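A short worksheet on the structure shown next.
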Amino acid sequence: MSAAVLLSVLFALACGQAASFCIPTEYTMYVDRRECAYCLTINTTICAGYCMTRDINGKLFLPKYALSQDVCTYRDFIYRTVEIPGCPHHVTPYFSFPVAVSCKCGKCNTDNSDCIHEAVRTNYCTKPQSFYLGGFSV
């Protein structure tokens, strides 16, 4: 293998490791309220991807804030509100959710993100579905 090819491969690997791939990603979620007749399928965007992290040796000697890792999180987002069809009059039929506009690698903000790794939850409807298409329910 020539030196130029070897150098270009090493350069590509180094750039791939240093770059963060944290971008808005399409995501489908299902809103299922017990009291309402329908489940609402919502297409939105969330922040997902890879952020560069390091595991520090000598963790015993560092303060806790120095041990936190960067995560892929919201830089800018907006909230959208939809109406879940088939809800009785005594139930509030509105559901608000964040839509990622741009993302960044940074500390997790508990004001707008779930920062705890949970077990995988089922993400499906248990009732007939109604779809939300960006401005109105169908």
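All residue numbers here begin at 1 and follow the chain in the order shown.
Backbone N, Cα and C atoms are what each Cβ position is placed from, and that goes for glycine too.
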> With reference to Swiss-Prot, which of the candidate residues Cys39, Cys47, Cys51, Cys125 participates in the disulphide bond with Cys105?
Replying inline: Cys51
>> Under Swiss-Prot's annotation, the disulfide partner of Cys125 is which of Cys36, Cys39, Cys47?
In response: Cys39
> Per Swiss-Prot, which of Cys36, Cys72, Cys87 is disulfide-bonded to Cys22?
Replying inline: Cys72
> 10 Å Cβ neighbour count around Cys51 (disulfide bond)?
Replying inline: 16
>> For Cys87 (disulfide bond), which of the three DSSP-derived states applies: helix, strand, or coil?
In response: coil
>> Spatially, which candidate from the disulfide-bonded residues Cys51, Cys72, Cys87 is nearest to Cys108 (disulfide bond), comparing Cα atoms?
In response: Cys72
>> Measuring Cα to Cα, how far is Asn43 (N-linked glycosylation site) from Cys103 (disulfide bond) in Å?
In response: 18
> Since the record lists Cys39, Cys47, Cys103 as disulfide-bonded residues, which of them has the fewest other Cβ atoms within 10 Å of its Cβ?
Replying inline: Cys39
